[in-house]
Amino acid sequence: MRGDRAAGRQALLSPPPSLLLLLLQLSRAAALYPVDLFPYGQSRGDQLLQEGDDESSAAVKLASPLRFYEAQFSYLYVGTNGIISTQDFPRETQYVDDGFPTDFPAIAPFLADIDTSQGRGRVLYREDTSPEVLGLAAHYVRAAFPRRAAHFTPTHAFLATWEQVGAYQEATRGMPPSGQLNTFQAVLASDESDTYALFLYPANGLQFFGTRPKESYNVQLELPARVGFCRGEADDLKREGPYFSLTSTEQSVKNLYQHSNLGIPGVWAFHIGSTSALDNVRPATVGRDLSKDRSSAPLEHSFSHAAALESDYTEDDLDYYDENEEEVEYPPSETELVSNGHSNIDVSFPSKADSRPFGVGVTPSHNHLASPLPHSTPSYWPFYPETESATVDPQIKERRPVGEIDVPHRRGQVESSEQPGTRDLAASETEGDSLYSSRETPLPYLENRNMQPHPDGGAPPSERDGPPAHPEREMVLPHYPVPGHTPPWDHGRHVVGAEDDIRSNTEVFTYNASNKETCERNHGQCSQHAFCTDYATGYCCHCQSRFYGNGKHCLPAGAPHRVNGKVSGHLHVGHTPVHFTDVDLHAYIVSNDGRAYTAISHIPQPAAQALLPLTPIGGLFGWLFALEKPGWENGFSLTGATFIHDMEVTFYPGEEKVRITQTAEELDAENYLNIKTDIRGQVPHIPASFTAHIAPYKELYHYSDSAVTSTSSRDYSLTFGAINQTMSYRIHQNITYQTCRHVPRHPNIPTTQQLNVDRVFALYNDEEKVLRFAVTNQIGPVEEDSESSPVNPCYDGSHTCDMTAQCHPGTGVEYTCECAPGYQGDGRNCVDINECATGFHRCGPNSVCINLPGSYRCECRSGYEFATDQHTCIMIAPPPNPCEDGSHTCAPAGQAQCIHHGSSTFSCTCLPGYTGNGHQCTDVDECSENRCHPSATCYNTPGSFSCRCQAGYHGDGLQCTLDPTSGLKPCEHQQRNAQAQHTYPGSRIHIPQCDEQGHFLPLQCHGSTGFCWCVDPDGHEVPGTRTPPGSTPPHCGPPEPTQRPRTVCERWRENLLEHYGGVPRDDQYVPQCDDLGHFTPLQCHGKSDFCWCVDKDGREVQGTRSQPGTTPACIPTVAPPTARPTPRRDVTPPSVGTFLLYAQGQQIGHLPLNGTRLQKDAAKTLLSLHGSIVVGIDYDCRERMVYWTDVAGRTISRASLELGAEPEIIINSGLISPEGLAIDHFRRTMYWTDSGLDKIERANLDGSERRALFHTDLVNPRAITVDPIRGNLYWTDWNREAPKIETSSLDGQNRRILVNTDIGLPNGLTFDPFSKMLCWADAGTKKLECTQPDGIGRHVIQNNLNYPFSIVSYADHFYHTDWRRDGVISVNRKSGQFTDEYLPEQRSHLYGITAVYPYCPTGRK
């Protein structure tokens, strides 16, 4: 035996007797208790972590390095927040509220915001080499991984214990700290080649399951704790490192101490590092009982019930039977025996007349089929290289007869007819020794031998040792083929005999047998919980054990089911027409007792009241999922999820007729049945105050090929107070469905079944506008009315099984409960199994597993689609691309870009720096666009240009400053440089004209071209003043004084004076005007005392004319001039020159630049905005205004950089989370993103003419930037599933994706007007990249960023805000090197950043 040889090879560590006793007790215990944790405490040598909210230990030097994933580490760090790492932790705000993956290596038994301040618990840790601890760790690991770690002998262990620790909570006066405290432990055991992790959660050790984020603590949001592992950033920085996550919801955290992956609730084991290939952490799966201390030889190729349920098999691989079918022999054909090349296990079927309960022995019926199983692996067995056997059930060792073993539920299972002594079932040999010697009892079956199959044919991504356990005492059989065996009638019913007067629907679904289809090509048509079988004329699907349906649609037996749908109606209620369309229908079915609840909302009141007697609307679901009597089946077992239910109802005595059609349209992604209901005809009017009562009834259903029919009459009573009226209706029902006609007919099939319906309930609630039906249903044989004998609780629904469990009848009124597939528990209490977290799923590579109640589903990642097996994701083949295969006709790659539009179509566009139609491109002379500083010389190159400061100036050419040591004025410097260059042949450079003091003359004219223009004192051309040769030069300098036009008051006064001959008499009226020509408020007749008040237009104000001696009080007609306010105390005017503005929560910061260097000592706060969270920021260079978005106030505001300016809100409605902001100083517009509304909008700079540009195909829009010269808009969308960078014109036309590959979280985006490059900073890939505006020429500037948020370019540098450093970082554009950083004194996240130039960048549209 392998265990004996292993024992002879080496002496394994053994724990002391006390720990071994503890281990044996744990294996039988229902929970792990605090005393069962690994020993810890300062007396054991533990170090104590300093108490606090975000503490981390000093580096713990390990005596022997341990392996984590593929790497080797010699130091470990322990953090307050339930985490261990191989490197020191960043600040907790950078990881504690984020999900996996983390940016650093992480081993997280309970990652949450934990706080041990004020004595709320403690964190202890140590490295241990004691035999006691190493022995206990070794036994746990060997039990969890019986094959891979059978001889694991750890040399070192690292223990970390969090004892009675609490969650972080904000201090509130009078509020004591929470009493919810957690205790858990992590143990890392390693030898020279492997490392295993043990996470231990004692019973009641987890009292809180998540924590609130600090930044939004007052929001009622709690993030579940994260449990798992992460490798951290990959070395090549091209992808995030591998990670493994065990929890994602609060329920999954609660399951930590209630469940296990090695059989002991609260104990979890993982293989986390190895010298051999380990692509990711591998969790243990439920292995052998720890009480079996001695090892048992594994079966080389074990075969499990789980594997049979999950794999795709043909008829040769899997047998099935119906327990109520008569005992029939199926002898194999000679051809099949030869072609199969192996012997077959003998299977018998019990008789219907056999009244013995499950568990009674079964007599073999055809022993001539029995033969020993060969030692070689049959070709039809799936091969799993690392499959590990589990311990053989103790019943076998005790030679207990098979007849005393509990037999599972009948659906789809294989029942062994073997009894001791009947025959030998030999297992394949392992390492030369057979599993059982000839002296031992033959092996009638194997129990708890489980392996989760994987789509690629190997083991699942968990450790390929031992897998999910079946419920206790469940029998698991290898499925050997029985040639010639045909399926039972309950998997493909064909019935004859329908009632003649029923008008059957002729629209029956059929299979086309002209071309035989086989399982090999069509097994994907079956449900994932079904197997496929080939027949003579085609294939059929059959639901696996513990599922039911028609094979194409299978639902778990015993689990609750849901129905969603829409209801439309065209009715006459009495004589009143009523119409409604697509109102909601929802139904909930408790399948283990036959209850069906149906609710239909928003039906108009008259129709809803009239439909009260029509319980068959909800009764359909009662028939579909009725509680089954032994040997009978409900409707869903026949129809699956595709059928049509037609009802014709005739009411008496009025003979109103109504037709109801219910069409089933498949199961949705969460296994909900979709139903469309259409109601047409006339129904009797029922007054609003009446209620309807329907007595329990029985209904006969007749079965024929692909159709079920029923005709019955029902009485119902309408009551209101003492009024009680009895009415009736007759109902004809016809159900047509898709059946598989390839299954041979069974001779003994009942043609009629009886549906018993009791507890019928119908109610309409006018306040809720909801019509409700409730029925309890049972399907079985036609019964005569007689004295009823005691009924098993499984058959009448009186059992106490959980709503997600199946009831199994026993003798008399005895029964047992078994959790439905996808749930676990004792049957009376069942909880959902998270197949995604435990690894028990079949989602292949490039797919995502999504847990559902009782099940799961797989979704392919972006760029992938499902293969025919609906589990494996394959890459979507790209369409042919002329731009990639070289068949395009664009100019050379260095001059033009080819843009693919799908299929074989493309377009060509010249690259920046070139002009043309894309097929032919010529260089653009950028120097003519005045890109360089006026004191610099521009040099044009193909597709680009360069700038160089002139003599006497310093700078990069884009920004040049005068050398103060020269003593010359700027005009004199430029004049001297121009004269020096004018000596070169062919030079046409302008020589500035200076006055006697060395200043620029206001009028400048080019000596060669004859153009003239005006300049400002710095020599910059005044826009709009250039005149062509031969025309009148512009007037420059101070404007000539102009005479103000005369006002109404002045013109009226002059006219009257002219009329009066120039001199008015004392009693003649002449308007009085002020210095600006406005009417004075008080007007009088000449020199008299008759006066009155006037408005600004000179009209008399009624009621103000006074008598002599009294002067009226008049209000000024023009508002007085406003005085400029003094600067705000929270505003510091910015200095001149180039500087950066950055957003930091409640303030906007100012950071000057000296060239491209950060002047950190001159940094200051520009604007304080209390209560705001400023995110996006940009600058209008024309009006010197800064604009910003505020996600707290949900506003967009602006403020001038002039002295004394006040902030002004320009948009304060229709915003949720405004983030990115971009200003177009040419067109005077702004653009912003809203990640709350998933929208991009534009408006004028004053907030007017606002409109949405895009509101579709956006998930998380963030950064936005504009190229005002060429009229392009660019933005990022950091949708984690499909991140992208898009572009369009400024009016929203020609939207297209620019970049959508190799990006993660593109937070920052900037367009550099000088280099014409679009650049972005990615917090996912950690890269700073640039591309040309059309997406070509993409290249990496820096590939080791921390966590960038926003970015701006200036000269040859990039400046970005960083959330890891909480500062501004500068990066050289050419070298990609980090050149400087600025960390504000107040440390908090920085958001948007922009550059402020002393002038607007110029360019050519």
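Glycine is treated like the rest: Cβ placed from N, Cα and C.
Please treat TrEMBL annotations as automatic predictions, because they have not gone through curation.
The signal peptide feature in TrEMBL is assigned to 1-31.
Annotation comment: TrEMBL describes 395-413 (among others) as compositional bias 'Basic and acidic residues'.
Taken from TrEMBL, the feature compositional bias 'Basic and acidic residues' applies to 462-476 (among others).
Long-range contacts of the domain 'EGF-like' (790-831) within its own chain (CB-CB distance under 8 A, at least 6 residues past either end) are made by residues 251, 255, 258-259, 357-358, 409, 471, 529, 546-547, 556-560, 590, 592-595, 627, 629-630, 776, 778, 780, 853-856. Annotation source TrEMBL lists domain 'EGF-like' at 790-831 (among others).
If you look up TrEMBL, you'll see 832-870 (among others) marked as domain 'EGF-like'.
Distant neighbours of the domain 'EGF-like' (879-922): 942-944, 1316-1317, 1332-1337; these residues of the same chain sit at least 6 beyond its ends, with a Cβ under 8 Å from one of its Cβ atoms. As annotated by TrEMBL, domain 'EGF-like' applies to 879-922 (among others).
Per TrEMBL, domain 'EGF-like' is recorded for 923-961 (among others). Outside the domain 'EGF-like' (923-961), and at least 6 residues removed from its termini, the chain residues within Cβ reach (under 8 Å) are 894-895, 911-915, 968, 970, 973-974, 976-977, 980-981, 1018-1020, 1138, 1155-1156, 1314-1315, 1355-1356, 1402-1404.
Here TrEMBL flags CYS1005-CYS1012 (among others) as disulfide bond. Sequence-distant neighbours of CYS1012 (disulfide bond) (same chain, six or more apart, CB under 8 Å from its CB) are LEU1003, GLN1004, CYS1005, HIS1006, ARG1026, THR1027, PRO1033, PRO1034, listed in sequence order.
The feature compositional bias 'Pro residues' is assigned by TrEMBL to 1030-1042.
All protein chains shown were included, and the count of other CB atoms within 10 Å of the CB of CYS1084 (disulfide bond) stands at 16. The feature disulfide bond is assigned by TrEMBL to CYS1084-CYS1091 (among others).
Within its own chain, the repeat 'LDL-receptor class B' (1184-1227) has Cβ neighbours under 8 Å at 1124-1128, 1131, 1133-1134, 1141, 1143, 1148, 1166-1167, 1169, 1171-1178, 1233-1237, 1243, 1245-1247, 1250, 1261-1266, 1268-1269, 1273, 1275-1276, 1290, 1309, 1392, 1394, 1396, 1400, 1405, counting only residues six or more beyond its boundaries. Under the heading repeat 'LDL-receptor class B', TrEMBL lists 1184-1227 (among others).
Residues or ranges marked as repeat 'LDL-receptor class B' in TrEMBL: 1228-1270 (among others). In the predicted model, the repeat 'LDL-receptor class B' (1228-1270) has a mean pLDDT of 92.
As annotated by TrEMBL, repeat 'LDL-receptor class B' applies to 1271-1315 (among others). Cβ atoms under 8 Å from those of the repeat 'LDL-receptor class B' (1271-1315) belong to residues 238, 240, 861-862, 931, 944, 958, 1220, 1222, 1224, 1227, 1229, 1231, 1233, 1240, 1242, 1253-1254, 1258-1265, 1321-1325, 1331, 1333-1335, 1338, 1348-1353, 1355, 1358, 1360-1361, 1373, 1401, 1403, 1405 of the same chain, restricted to positions at least 6 beyond its ends.
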Count of other CB atoms lying within 10 Å of the CB belonging to CYS1091 (disulfide bond): 18
Three-state composition of the domain 'EGF-like' (790-831), taking helix and strand from DSSP: 4 helix, 15 strand, 23 coil
Could you break down the residues of the repeat 'LDL-receptor class B' (1228-1270) into DSSP helix, strand and coil, giving a count for each? 0 helix, 23 strand, 20 coil
Just how many other Cβ atoms lie inside 10 Å of the Cβ on CYS1005 (disulfide bond)? 15
